[in-house]
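What TrEMBL records for Lys5, Phe6, Gly7, Gly8, Thr219, Asp220, Tyr225 is ATP binding site. TrEMBL lists Thr49, Glu120 with the feature substrate binding site. What TrEMBL lists as domain 'ACT' is 389-449.
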Amino acid sequence: MKVVKFGGSSLASGQQLEKVLQILKDDKERRVVVVSAPGKRNERDTKVTDLLISCGEKVLAGKDPGEEVAQVIARYADIARELDLSSDIITQIKQDFLELLDGNKENAHSFMEAVKASGEDNNAKLVAAFLTARGLKAVYVNPQEAGLIVTDEPGNAQVLPESYDRLQLLREYEDIVVFPGFFGYSKSGDVVTFSRSGSDITGAIVANGVKASVYENFTDVDAVYTVNPTIVSKPKEISMLTYREMRELSYAGFSVFHAEALIPAYRAGIPVHVKNTNNPLVPGTKIAAQRSNDNGPVVGIANDKGFCSIYISKYLMNKEIGFARRILSILEEYGISYEHMPSGIDDLTIILRQDQLIHIDEGELLARIKEELNAEEAVIEHDLSLIMVVGEGMRHNVGTTSRAAKALAEAGVNIEMINQGSSEVSMMFGVKEQFAKKAVKALYEEFFQ
Ligand SMILES: Nc1ncnc2c1ncn2[C@@H]1O[C@H](COP(=O)(O)OP(=O)(O)O)[C@@H](O)[C@H]1O
Ligand SMILES: N[C@@H](CC(=O)OP(=O)(O)O)C(=O)O
C-alpha cells in the first residue's frame, strides 16, 4: 500500500486534478491520498490557505470578509466547473464554510484554526467526489474519525503517538481514502493545524500509521535539486538522499519537503519519494536510511533568512559552571528558543529566529544578560542568513570546510560564523542576508560545477 500526498500546486485547477486521477489509475497500490488546499495556479495567484487566513482575520476584526469568501468559493467552483462535476458539492462546501464563519468565535485561536483547516477539508471532499465521478471508488475520511490526534498548539501541532495505531485502520478501507492534510484534532476535539506546508507532515504520519511501502510526495518539480532552483537556474537533481540529509536541508530552506515530515516516515522505515505531478514518469528523488556514496562530499546546499545572533563575551567563560544554563533560562523567560549555539573559551553566540524578538525590548534583554552574567559584551546582530552545506560524504572527506570557506572568500562573502561538528552531515555558515544568494552560488560552483 502506498500513501500519496499531493501539494497545493498539484491541486490548483481542474487540469491538475486530471493528472492526479491518471497518477492514481497508473498504480493500484496508491490507496491513501493526502491532499492540500488548492495552491497557486501561477506566480501571481494566492493560495487558498492565505485567502482563508485573511478571511478569518477580517471576521475576527469585525470587517466584511465578502471578497475573500467569494474568492475561496470561486476556487472550488472553478475546479468543479472545469471537471464538469455536479454543483451539489460546491453548494455543500459553500454552506459549510458560511456556517463555520458564522459559528463560535469565543476562542479566536480555535476559530482561526478551523477556518485555515477548511481549505484542506473541503478540498478532500471535492477530490473524493471527482475521483468517484470518474469511476475510481474513493471516500473522504475525516482526521478525527481516523484518530489523528495532536497537541493543542495552534499552528504548530505535534502528533500524539496513539494516533499511529488508530490510523492503521485506514488499511481496511476498500475504497481509495482521501484524507485532508495540514490538521488533526486535539484530545478535546478542536481542530489544530500543523505549521505551514504541514500537509507533508500529515502524509508522513498516515504513511507510518498504515505502514505504507512508500510515501510518495507529489509536487511541481522533477526532483529535489542540489540547491533552491530560484537561486541557481536548472540546478543538478538529487536522485537519492538519506533522512538525515533531507531533514537538514528542509530545515535550512528546501521548502519542497517539510522538515518535520521526515521523522514519522523515518521511525517506521518508510522510504519517501518526491515526484512531479506534471511529469510523473521522471525518477524524482528517493529518501531512505542509507544511500550509496558516490557523488562527492556534498549533496545539497540550502539557505534560509530571518535569523539573528546574540554574541556574548566574558573572560574565562569556559571555567564558569552553569554559564550557558543561566543565559538560556533568561531566554526561556522571554519565551525565546534558539537554533544554534557555537562557543569558544571566552565567547558564545546564540543564533535564533529573528521574528521571536518582534515584541521584545532588545535593550532590556541585553542589559539583563550583561548584568546577571557579568558579561563584558552582549550584542545582537540582525538579518543573518544561514547556509547549510549538507552531505553524508563529508564525514569521510578531508578539506570540505576549507573548500567552502575558500569559495566564499573568493566571492567576497564575509563569513559571520561557522558551526561545524555538531552534526556529522552538515556545516553551517552565517552570512549577512544581502550576501546569501552570492554565497549559495559560489558554493554551488565549488561543489557541483
Ligand atoms: N532544493 C529544492 N529542490 C526543489 N524545489 C525546491 C528546492 N528548494 C525550494 N524549492 C521549491 O519548492 C517548491 C515545491 O514546494 P511547494 O511549493 O511547497 O509545493 P507543493 O505545492 O507541492 O506543496 C518548488 O516549486 C521550488 O520552488
Ligand atoms: N495549505 C497549507 C498546507 C500545505 O501543506 O500546503 P502546500 O502543500 O501547498 O505547501 C499551507 O499552505 O500551508
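Each Cβ is built from the backbone N, Cα and C atoms, and glycine gets one as well.
What TrEMBL annotates, mapped onto the structure for a quick look.
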| residue | record | DSSP (3 states) |
| --- | --- | --- |
| Lys5 | ATP binding site | strand |
| Thr49 | substrate binding site | helix |
| Glu120 | substrate binding site | helix |
| Thr219 | ATP binding site | strand |
| Tyr225 | ATP binding site | strand |
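With the fewest other C-beta atoms within 10 Å around its C-beta, Tyr225 stands out among the binding-site residues Phe6, Tyr225. Selection of the binding-site residues Lys5, Phe6, Thr219, Asp220, Tyr225 by a Cβ distance under 6 Å from ligand 2 yields an empty set.
For Thr219 (ATP binding site), other Cβ atoms within 10 Å of its Cβ number 25.
Each residue contributes its Cα atom, and for Tyr225 (ATP binding site) and Glu120 (substrate binding site) those atoms are 27 Å apart. Distance noted between the C-alpha atoms of Thr219 (ATP binding site) and Thr49 (substrate binding site) is 17 Å. Nearest to Thr49 (substrate binding site) in space, judged by Cα atoms and limited to the binding-site residues Lys5, Gly7, Gly8, is Gly8.
Close to ligand 1, meaning a Cβ under 6 Å from one of its atoms, are these of the binding-site residues Lys5, Phe6, Gly7, Thr49, Glu120: Gly7. Applying an 8 A CB threshold to same-chain residues 6+ apart, the list for Lys5 (ATP binding site) reads Val33, Val34, Val35, Ser36, Gly181, Ser199, Asp200, Thr202, Gly203, Tyr215, Glu216, Asn217, Phe218. For the domain 'ACT' (389-449), the model's pLDDT averages out at 91.
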